[in-house]
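K.L.:
Take this structure, written in structure tokens, and hold onto it; I'll ask about it next.
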Amino acid sequence: MKFCVAVSLLIIASMAGVISVSGYDVYPRDYAGNYYYCGVRKDPDCSKVCKLHGATVGYCHVKRCSCVDLPEKNQNFLSVIWKQC
């Protein structure tokens, strides 16, 4: 019973974006440290945002852009720009 509750909480937390399993859902941040939000009228194209940060592909997940295979060192926008200079 306790195992089922623990697994259920783990699944709910990973779906809500509270935790990431195996580094799959990594949310990039802009220059001010904010997440890129999507699902609104002027939403950014998450694939373009994630490729700018060095990830392979991106998608909208829980109203935030999520990147696949995004290195944690490239999560912040300024760290990516600093490497290009």
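Don't overthink the numbers, they just go from 1 along the chain as shown.
Even glycines carry a Cβ here, placed using N, Cα and C.
The shown structure was predicted, so the numbers you read here are calculated from the model rather than taken from an experiment.
Annotation comment: Swiss-Prot describes 1-23 as signal peptide, evidence class sequence analysis. Residues annotated as domain 'LCN-type CS-alpha/beta' in Swiss-Prot: 24-85. Here Swiss-Prot flags Cys38-Cys60, Cys46-Cys65, Cys50-Cys67 as disulfide bond, drawing on sequence analysis.
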K.L.:
Where the distance is taken from Cα to Cα, which of the disulfide-bonded residues Cys46, Cys50, Cys67 turns out closest to Cys60 (disulfide bond)?
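P.N.:
Closest recorded candidate to Cys60 (disulfide bond) by Cα: Cys46.
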K.L.:
Since the record lists Cys46, Cys50, Cys60, Cys65, Cys67 as disulfide-bonded residues, which of them has the fewest other Cβ atoms within 10 Å of its Cβ?
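P.N.:
Comparing Cβ neighbours within 10 Å for the disulfide-bonded residues Cys46, Cys50, Cys60, Cys65, Cys67, Cys60 has the fewest.
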K.L.:
Quick one: average pLDDT across the domain 'LCN-type CS-alpha/beta' (24-85), no decimals.
P.N.:
79
K.L.:
For the C-alpha pair, I'd like the distance in angstrom between Cys38 (disulfide bond) and Cys65 (disulfide bond), rounded off.
P.N.:
6
K.L.:
Any idea what the Cα distance is from Cys50 (disulfide bond) over to Cys65 (disulfide bond), rounded to a whole Å?
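P.N.:
Distance (Cα to Cα, whole Å): 8 Å.
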K.L.:
For Cys46 (disulfide bond), name the DSSP secondary structure in the helix/strand/coil scheme.
P.N.:
helix
K.L.:
List the Cα distance (Å, whole number) between Cys67 (disulfide bond) and Cys46 (disulfide bond).
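P.N.:
That separation, Cα to Cα, works out to 8 Å.
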K.L.:
Just to be sure I understand the packing, how many Cβ atoms besides its own are within 10 Å of the Cβ of Cys38 (disulfide bond)?
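P.N.:
Taking every protein chain into account, the count is 20.
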